[in-house]
């Protein structure tokens, strides 16, 4: 609404091709325009013809085909280490307004990752790292409760339209392979999965029946489809399980509980851990990014920052360095439920133990008492942990702990996390972040209502709320609103003050300061007493 | 829903009477119960007969009548300084689970206030201070847009039902006196106002026509009705107005802009400032608490922590000490719009300049880009500033910047701020705060769904969301939910693990650790290598 899709054309000297970097352009009534980072893909491009069955055009296909392995690897990490700036890096640099060499160097040291499976050429390159815009992920996926393939594809498109930077398909129900295939072929953003879910389906939902072979085959199946990053709970070790026994909420990660059950049933160390290097080799072949899962994350305020959580984090640190040795990109998943005063410690420890691998957290929720509002209890924690250096925030919807998110919940979750991520960008002092706030506030102050709506994260809702009380068209240009009415509009009064001064041929400041001279002198004469004798 | 009103009877040795301290008791299915702080007044007491026309019973009448002035003052501050523990202080101590002497000492040094006008005997004593539970305020009030007296009273009752600790009546429209009268006679919580609004109505909305006399008479009129605290923008000095001229959003406080307009029109110092001591004498006579308004608060991220804002704050500091010299209680209003990294500075300066007078902030919003979601952009700032030491948070509804809040918006605003305030209580380590989170998380882990709903800030919404996907009655006791389904329920698996262990006559920990011995020995033999050679 009120915006159009435009592309910035950026020449790529290496490939000789021209990169088309998408942006959402908001036209303003004062003749100017404001461009925003855009995740919505071709779906918001009027010139693009969309065929869900054919899928999106494989924009990255040529880059991938032209690629020569370095040291046997074709991962962004391998190229970055070798000093090569890939088209993906150049695309990202333009998208974030940064230098391509900076993008390369951040990827080379593992402080940022570019989730981009060779088999998902339809995706638009994006980066996850503390020195870039904070990203958000939206979870979708059907469950025991039925929901169709079309519905899930539609949810993915819907989530990216509102700003989801990546989408995780957590399907556990029927037609899981087909659902994922349709999502991948139509997704302009990286797709993440948790392979253990499908593996469990293959063994009739009995964790004890899981095996490395079943898991490995599932990973390869998903890798071939183009999954860009995979959550792997390889840090849930047999010896850590007892640490959760006295917790208030035990193990709340699905993957974590599945692996804990397997370890106990077989009394063996997790096959994800014992076969970790084989797993690295598979992910390396496709350039899939590890999202090392926090299977022992706290599920309540009471369990935050406990021994089980940090024991696993130390193991994730070891696994991070092994993956990097294999030129495989890594990010680390984080909690969960954490009170505000314990949030910073999570980031500090993660960066120390995991060599600054991008941190990817679920919230965290800062209190347990508000089921139905956990998008908010968690946005409070998400904004803060983002400010502390977390690179990507996994959204939480109002249905968390209660049910499955519908279309409206997905939108609410995405918008809530976009504003939390932006609040973090502002606090981190990201160069381009405040321009957006300034553009909207300027429109607000100048009563450019339509511009204010169009610049909002959710234009429809902003306008709908305004029209509820003042639907009339003139109200769109009125120099007041329903909140204070004409007589009480502070912004209007401020403007009257300025106008008064201008009409007298003086800038407001001069106008007032001139008159101030005597006044302040007078004030000084009174020995700057705090109050004056009654004058009038 | 799922809770009943109970009263803790606390004997008051001084007055000889017995104080009845209200609590909301949530009965749990495991036979225990959990008591919560309750702001809803007699309206949730099945034994109380409510007559909106007669008003609530004047519970404090006898205490007030029995009171002897100290040093000519009848304010809680005067008694606290004199070492007297008032029934209000004793009531509050029981309500917050603290020692009465501690309550007195906090009031005596001005670090906490008890807004309780002698003419509002219907109110239940409550306290605002950094060493107590963080409180929240809900704004109501009709505006140019018509809304009836009954509607506003109903909004007040509705807001307190969900947890509003105080309510501000910001009415600016018709029948402003009558509306306020009905609200006060029926309000169990302190009521705040901004007298300048009604004063402006009296001069046909022309700021230039305002005068000390009109304002003074309005303050006395409201004082007689029983208003407990009044927002006074006495810090908007003529010489500060120019500081706002180059701001992105100028002056956004209604009261601030009105006084700025008056100062410029007359080229005189604000009459609120020049007559401040007379004002102190009036407030002292009724024990009305000053809420020194931040008329120059920032209205956008761009204007946060600027010269105008902090210049006014210094003046509010001077005014705080004058009021205290008159035995008048004081709190300080704060912003507004502030990015996260600039929030702590606001609290630090306020405490330093205003002698730790309770800070009372509006949010702050941590970004400007999400109109329609400003209850969330501000809850992020509110939770953080509360953690930093802010004593009361003024709610923001989804309609902020766009329109007037309806009944649903008021509820959303209150619930959002209750969770933000509680997140702050947790982060501050308030002794009783985490018990609530633990009770709810325990219920969640034990699949006591109904208990989880009843312990939630908003039971109706929590249950409604759950029932959307699993309406069947059995689902209320099911050991899984619609999110993961039976096979994937991590909590169920965790419990199976524990049960398995118990059935084997061992505690989970022992059961596992026993078996761990060999395993860990084995692990040690391998020189603690990070991964093991493929075993299976």
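Note that Cβ sites are derived from N, Cα and C of the backbone, with glycine treated the same way.
Since we're looking at a predicted model, the values are computed, not measured.
What TrEMBL records for B:3-68 is domain 'ThiC-associated'. Under the heading substrate binding site, TrEMBL lists B:139, B:168, B:197, B:233, B:253, B:254, B:255, B:294, B:295, B:296, B:297, B:333, B:360. The Zn(2+) binding site annotation in TrEMBL covers B:337, B:401. The [4Fe-4S] cluster binding site annotation in TrEMBL covers B:481, B:484, B:489.
Location within the structure of each feature annotated in TrEMBL.
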{"residue": "B:139", "record": "substrate binding site", "DSSP class": "strand"}
{"residue": "B:197", "record": "substrate binding site", "DSSP class": "helix"}
{"residue": "B:253", "record": "substrate binding site", "DSSP class": "coil"}
{"residue": "B:295", "record": "substrate binding site", "DSSP class": "coil"}
{"residue": "B:337", "record": "Zn(2+) binding site", "DSSP class": "strand"}
{"residue": "B:360", "record": "substrate binding site", "DSSP class": "strand"}
{"residue": "B:401", "record": "Zn(2+) binding site", "DSSP class": "coil"}
Starting from the Cβ of residue B:401 (Zn(2+) binding site), draw a 10 Å sphere and report how many other Cβ atoms land inside it. 23
In angstrom units, rounded to an integer, how far apart are the Cα atoms of residue B:139 (substrate binding site) and residue B:401 (Zn(2+) binding site)? 14
Chain A neighbours, taken from binding-site residues B:139, B:197, B:295, B:297, B:360 with C-beta distance under 8 angstroms, are B:197
Rounded inter-Cα distance in Å - residue B:360 (substrate binding site), residue B:337 (Zn(2+) binding site): 14
Lowest local Cβ density among B:139, B:253, which the record lists as binding-site residues, within 10 Å: B:139
Per 10 Å Cβ neighbour count, which of the binding-site residues B:197, B:360 ranks highest? B:360
Rounding to the nearest whole angstrom, report the longest C-alpha distance spanning B:139, B:168, B:197, B:233, B:253, B:254, B:255, B:294, B:295, B:296, B:297, B:333, B:360, listed for substrate. 20
At 10 angstroms around each C-beta, which of the binding-site residues B:255, B:295 has the fewest other C-beta atoms nearby? B:255
Cβ density check for residue B:297 (substrate binding site), other Cβ within 10 Å (all protein chains) comes to 26
Across the domain 'ThiC-associated' (B:3-68), what are the DSSP residue counts per state (helix, strand, coil)? 9 helix, 24 strand, 33 coil
Between residue B:197 (substrate binding site) and residue B:337 (Zn(2+) binding site), find the distance joining the two CA atoms and give it rounded to the nearest Å. 23
I'm checking region-level scores; what's the whole-number mean pLDDT for the domain 'ThiC-associated' (B:3-68)? 94
Work out how many Å separate residue B:255 (substrate binding site) and residue B:337 (Zn(2+) binding site) at their Cα atoms, rounded off. 17
Cα separation, residue B:253 (substrate binding site) to residue B:401 (Zn(2+) binding site) (Å, whole number): 12
Within 10 A of the CB of residue B:337 (Zn(2+) binding site), the number of other CB atoms across every chain shown is 29
Using Cα coordinates, what distance in whole Å links residue B:297 (substrate binding site) and residue B:337 (Zn(2+) binding site)? 8
Pairwise CA distance, residue B:337 (Zn(2+) binding site) versus residue B:253 (substrate binding site), rounded so that it is a whole Å: 12
